[in-house]
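Each remark here refers to the structure printed beneath this line.
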């Protein structure tokens, strides 16, 4: 059973979902899972929202205006989510996969770097600032939480979105940090083009061989419902 669980991962594909119900669902899933629960990946977009991580400081939220600011228990500082950005949450039993937190962060960063390489974009990670960058511009944000030896939260990759709300914050606590996205570098690339590459690159890097893809939605209490 353990060997089969190590191979298996469920990939849930959501439509656009408000941040808070998805966050609640991640907490519920992590609290309820046991050593027989398969790992999961959740693919989702969020309506416009700023999320403030555990290390977040109020002074990095400059002019939120009409965009809500929600406190999150992920690592890191403030970032922005909106339509056209692919969020990928990774709910993984790290002990079962024999992964350390730093190894998972590196795998996520390399997943994004590999995905961007598929579209002929040269990207890199930085030791001083988590995430993925193209030149000096940030294209992907990263924030995790570990509970019971299991990860949740994940990455947010800018694909084809309105980047202007990032000007209302200091992204990830860095004043003047410029953002970029795939469609500005390779016009015409969409979320539908990117998501399969992102998922398959992650599965290959982390070593899952038996993915199961399921379209799902959430109810208002943050409980998954079949899509």
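Glycine is treated like the rest: Cβ placed from N, Cα and C.
Its Cβ placed at the centre, residue 172 (active site, acyl-thioester intermediate) has 21 other Cβ atoms within 10 Å. Swiss-Prot lists 172 with the feature active site, acyl-thioester intermediate, giving sequence analysis as the kind of evidence.
Feature annotation from Swiss-Prot assigns substrate binding site to 74, 75, 76, 77, 78, 79, 80, 81, 141, 142, 143, 154, 155, 156.
Annotated domain 'BPL/LPL catalytic' per Swiss-Prot: 35-210, in sequence order.
The Cβ neighbour count for residue 138 (site 'Lowers pKa of active site Cys'), using a 10 Å radius and every protein chain shown, is 24. The site 'Lowers pKa of active site Cys' feature in Swiss-Prot is assigned to 138.
Proximity of residue 143 (substrate binding site) to non-local residues of its own chain (separation of 6 or more, Cβ distance below 8 Å) is seen for 53, 72, 74, 75, 76, 79, 130, 153, 154, given in sequence order. Cα of residue 155 (substrate binding site) to Cα of residue 138 (site 'Lowers pKa of active site Cys'): a distance of 12 Å.
The full span of the recorded substrate binding residues, 74, 75, 76, 77, 78, 79, 80, 81, 141, 142, 143, 154, 155, 156, taken as their largest Cα to Cα distance, is 15 Å. Rounded to a whole value, the Cα-Cα separation of residue 80 (substrate binding site) and residue 172 (active site, acyl-thioester intermediate) is 9 Å.
Mapped onto three states, the DSSP output places residue 74 (substrate binding site) in coil.
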